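Visitor: Take this structure, written in structure tokens, and hold onto it; I'll ask about it next.
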Amino acid sequence: MSNMFFNEEEMGLVQAICSRLIPSEPDSPGAMEAQAYTYIDHALAGYFSHLQNYYRQRLHDFNRLANRYYGADYVRLAAEQQDELLHSIERMQVGEDSDDMRVFFEVIHEHTIEGTFGDPKYGGNRDFVGWRMIGFPGAQWGYTGEQMQLGYDSGQIEILSVTDLLKRHKEAEKEVSRS
Amino acid sequence: MSVRIDAIIVGLGAAGGLIATELARGGQKVVAIEKGAFYRQSDFLGKFDEIRYYCRSAIVPHMKSDPITWRPNEKTKAEVLPWASNTLGLGNPFQIPPSMGTGGGTLNWGGAAFRFREADFRMKSTIAERFSESALPEYTTLEDWPIDYRQMEPYFDRVEWELGVAGKAGNVNNTTVEGGNPFEASRSRDYPMPPIQRGAVDDLFCDTAKRMGYHPFPTPTAIATTDYKGRKACTNCGFCHGFPCHIGSKLSTHDLIKAAVEETGNLEIRPFSRVFRINKRADGRVKGVSYYDADSRIVDLEAEVVILACYALENARLLLNSGINGNGHVGKHLILHNYGWFNGVLPEITNSFMGSLQGGSIIDDYTSELIPDNEEGVLWGSPINTWTGDFQPIETIHGLPPHVPKWGKSFKDWMGQNFRRLFRMYSQHSTLPSNCYYVDLDPVVKDPFGQPALRITHEWTDYDAKAVEYFMRIKRKIAKEMGMLEWWEDSPTPNYHVTVHDVGTHRMGLDPNTSVTNPYGEVHECKGLYAVGGGQFVSQPSYNPTQMIFALAYLTSDHLLERV
Ligand SMILES: Cc1cc2nc3c(=O)[nH]c(=O)nc-3n(C[C@H](O)[C@H](O)[C@H](O)COP(=O)(O)OP(=O)(O)OC[C@H]3O[C@@H](n4cnc5c(N)ncnc54)[C@H](O)[C@@H]3O)c2cc1C
């Protein structure tokens with residue numbers, strides 16, 4: 001198992017949620033291909049380690065809701081039912097019993113976004129899926145005046161991660177490192 | 001300690017960093033205490049990273065270590081304000097004090113650099129003369145400044161030429177110059193560098209604005225646009241606001257401090273050290289400070305002069321925590337900016353992730369005293385500012401239009417279509433200072449060192465909302481004329497209460513009974529103690545505050561070096 005924190009079952013559930021939040025389409029990959037779930041798994045093992053129990057508990061509750069409303073685990077539901085459940089959780093009013101679930105929706109939504117649109121070194125945005133989706137070239141040392149013209153097609157610019165960029169700028173790096 | 005210290009500087013941000021540099025270069029022995037790191041430039045090489053700097057707020061204070069509480073009024077219990085990747089890792093860190101470590105807020109600022117207008121120094125009398133003595137709401141404690149534009153002009157000039165600001169003058173020695181701001185006060189010379197690279201939308205904005213009778217001019221920026229005094233020209237990388245600069249184009253006092261340490265031998269920096277108390281001698285003069293060092297040990301340090309430069313909020317906390325508030329004015333007269341965010345989508349691709357957010361133009365036709373007569377009772381105007389570049393994906397998603405779902409296929413489609421054509425206008429409406437809105441020490445919440453947290457009591461008023469709405473109407477007209485496809489607006493009474501332009505908490509004045517410092521920043525009731533930065537402001541212009549903070553820092557330095 002390559003997970004850093006989740007067990008297989010939790011990972012399956014996280015993947016199912018991610019793939020509804022930013023769905024994959026025939027010509028347009030989503031959070032699943034971006035491996036946003038890896039971002040979340042890695043973050044929980046590191047930067048968000050204080051949220052480990054929180055995630056574990058809420059994922060469990062989330063799946064219980066799926067069972068309560070649809071009589072099956074979330075991963076087994078049809079995509080429409082999965083969306084329906086997410087919608088109803090997102091719309092829960094503050095103060096209701098399930099307020100916790102609504103907040104959890106916000107949390108996992110935020111982390112799916114981060115795992116899709118953040119730098120790949122954190123484990124997500126695999127093959128720049130997130131950045132390709134929106135036409136963002138990622139980490140660039142800079143842009144020229146010609147590129148900063150109306151209608152310029154940013155697809156011409158090779159997408160770079162921070163790591164790629166720094167490899168190309170070894171010289172600059174040396175210069176700056178001296179200071 | 002055997003070595004004589006001339007001055008202790010607490011906090012190495014905009015004000016403290018500049019004063020530390022000036023004093024060290026002027027031959028004084030300076031020890032600077034900074035709660036963040038003493039960075040190396042190489043720390044910032046990989047700064048093109050939204051997760052690290054935006055979502056996880058790598059260089060700003062966090063809720064746990066630096067709690068600030070907020071309540072809308074005195075009847076409500078204050079709660080810790082959420083920010084900086086709050087406890088659940090929800091990134092909405094707009095509500096943050098500027099960053100920490102050498103450079104402070106100048107590490108992650110946007111670099112917009114404005115002089116005050118002449119009338120900004122006399123807001124109270126200008127309003128009284130223009131409207132009437134009773135035009136101002138009763139609750140305001142607004143005053144005029146004890147200094148004026150003429151006195152400060154040489155200091156504004158020094159910021160522009162010694163520190164380096166790029167822009168286009170509109171009024172040199174009372175002669176109008178084509179292409180600049182026709183409404184600006186007379187300046188002694190142009191900027192030393194041309195304006196920053198224009199964002200792709202700028203022509204469209206300027207043409208539209210001119211057609212509507214306005215006079216747009218390029219936003220002045222403290223970002224080098226040519227190689228200047230050791231700083232490299234900006235490369236338009238698009239990770240600027242909220243990010244440190246990878247090549248030092250954006251003015252940061254970090255660079256000044258570092259050079260001063262190496263070249264003068266007069267400046268010692270003690271990083272990861274936080275001051276919690278100012279100590280006084282029996283005769284009331286300042287004696288020194290107590291701080292927690294990097295290992296959380298308490299250290300007492302003494303000097304003839306102590307300069308508090310910890311930002312307007314923390315300066316007030318330290319004064320209050322040290323019992324320096326004889327006349328009750330510390331923490332009062334808090335002034336914030338309300339930004340009136342107006343976001344939209346353009347018909348053409350502008351690649352709004354490229355370049356500085358300040359790569360656009362500004363309209364000053366209705367700024368400050370130029371506000372037209374109006375029925376609504378808006379007494380003070382604001383510029384219409386533009387935000388043309390520097391949009392990153394995650395931050396954009398945090399501010400989607402209300403009709404766009406936050407997830408699913410429609411979310412994906414919207415981002416795919418529109419991320420490359422975003423545009424933002426905003427304003428900077430200053431709240432009116434008062435005794436109802438202030439900062440003090442929280443009676444319950446403490447920081448991890450056991451010191452009371454700062455508490456903010458603030459709510460937006462009907463007056464604020466009116467002013468914001470007046471300018472929203474203008475923005476809507478411009479948006480329509482520009483052919484914008486859709487737009488969405490922030491609430492005129494938004495949910496943030498720390499605005500990064502928070503000022504007035506230890507305001508200057510000549511009368512020791514009604515103000516905290518004199519114009520040099522020296523605290524009336526404690527000789528040798530200076531409190532500098534935006535806290536000194538008497539009123540806030542409708543411009544970003546930091547050029548004035550720098551100008552005042554030069555004034556304080558000249559005074560301490562006995563040049564004025
Ligand atoms: C994202 C962002 C964008 C901005 N954009 C602009 C802009 O475009 N134009 C503009 O004019 N302004 C801008 N600002 C505002 C600008 O950063 C501030 O006006 C300016 O930095 C304030 O200067 P200061 O010296 O008062 O405090 P700061 O620059 O905040 O410096 C305070 C320093 O004190 C240190 N400190 C605090 N408490 C202690 C303690 N107890 N002991 C020791 N050290 C301590 C801090 O770590 C920090 O280094 C922006 C701010 C932010 C956050």
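Keep in mind that glycine also has a Cβ here, set from the backbone N, Cα and C atoms.
Curation plays no part in TrEMBL annotations; they are all automatic predictions.
Marked as domain 'Glucose-methanol-choline oxidoreductase N-terminal' by TrEMBL: B:149-337. Per TrEMBL, region 'Disordered' is recorded for B:172-192. Residues or ranges marked as compositional bias 'Low complexity' in TrEMBL: B:172-181. Summarising the annotation, TrEMBL assigns domain 'Glucose-methanol-choline oxidoreductase C-terminal' to B:438-553.
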Visitor: Please give the sequence-distant neighbours of the compositional bias 'Low complexity' (B:172-181): residues at least 6 beyond its ends with Cβ less than 8 Å from one of its Cβ atoms.
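Guide: Long-range Cβ neighbours of the compositional bias 'Low complexity' (B:172-181): 187-190, 215, 217-218, 362, 364.
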Visitor: When the compositional bias 'Low complexity' (B:172-181) is classified with DSSP, how many of its residues are helical, how many are strand and how many are coil?
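Guide: Helix, strand and coil residues of the compositional bias 'Low complexity' (B:172-181) number 0 helix, 3 strand, 7 coil.
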Visitor: Residue counts in helix (H, G, I), strand (E, B) and coil for the domain 'Glucose-methanol-choline oxidoreductase C-terminal' (B:438-553), per DSSP?
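Guide: Counting residues by DSSP class gives 32 helix, 27 strand, 57 coil.
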